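Enquirer: Right, I'll just put the structure down here and ask away after.
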């Protein structure tokens, strides 16, 4: 009696299991999303590094194919995340809402119906069982009383001091106890027989309610199996044609890498095959020695002064002739193509080099692909752009000022760690 509660509890467990399955799918979808985001970030960062790095030619394209693969796989995993949440998660949520109906007083309608059905089926049999238990208890008590009366009677016969009247009372009690035993036994057997007769109907009624619970649970189990199969299909990228194509294309891109072709390209563009620029006689030009405009002079009166800026390329042979006073912003360490002449085609309107230079922020890399290697390689003191003597005989060019008027980008030729508080630390490039 009452053991049907395990079957009733299974209905509540089914509702909780729906929540557990939804949480499980939700966590997996979150993992798919994070993985997709990490793939995208990884691909973006390394694509920039490879493109700006020293690798070139077909091997570079093969290397970049890995980043393209990551971006495509990222899209597929985002699709997996969308399928898990928009299809599987929502399907379970809707099924749970349709299968379980909450009551105003708490609990579920299905649970209450099962509970009432089992209780109604068990109530008549439980009542008869209670009668059997009472009859059994009365019969056992009568047997105990009979045994006690017989024992007293036996002991009294051996006692000479006991008068006949007392002995007669003991014998009468034995007789009455035997009759009580017969009566209680008959009642016990009768109630037990009635219980046995009611058992088949009781079993039938209980099984009827139990089968209803079984059918309800069967729907849930079949539904779970169906959902899990759909989840498996959404997670299994091995059967997705586009997923296979990604790696087929990746393999093809890697196989197209050709060392001979890359070496030929490098010879033609960076080696003996490249177009030469042999030194030729050049006339002196007044433009190379011109000073800044009046407007620029006025602006350049404040700020950090950089002297002895060396010309590169064709002007490398005249390192100190064309030096001028320029203020340079102390935190500007971005690179400038060494072949660029900062004084070329300047108008008197005071346009600065920083206005002509592209402001695009470069990605941090160990190398830059098309970095210009300086032709000014002399270690002579006269080539030092940071010499302590100002070209114009002015004061210390490194006096700090909070409002530099003009800025020019420079390239660090070597790594340097600042030794003093007022010195900068920088990396080559």
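Any Cβ shown, glycine's included, is placed from N, Cα and C.
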Enquirer: According to TrEMBL, coiled coil applies to one of these ranges: 71-102, 103-134, 135-166, 167-198. Which one is it?
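Expert: Among 71-102, 103-134, 135-166, 167-198, the range TrEMBL annotates as coiled coil is 167-198.
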Enquirer: Could you give the number of helix, strand and coil residues in the domain 'SH3' (405-429) as assigned by DSSP?
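Expert: Once the DSSP states are binned, the domain 'SH3' (405-429) shows 0 helix, 2 strand, 23 coil.
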Enquirer: If you average per-residue pLDDT over the coiled coil (167-198), what number do you get?
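Expert: Averaging the confidence scores along the coiled coil (167-198) gives 88.
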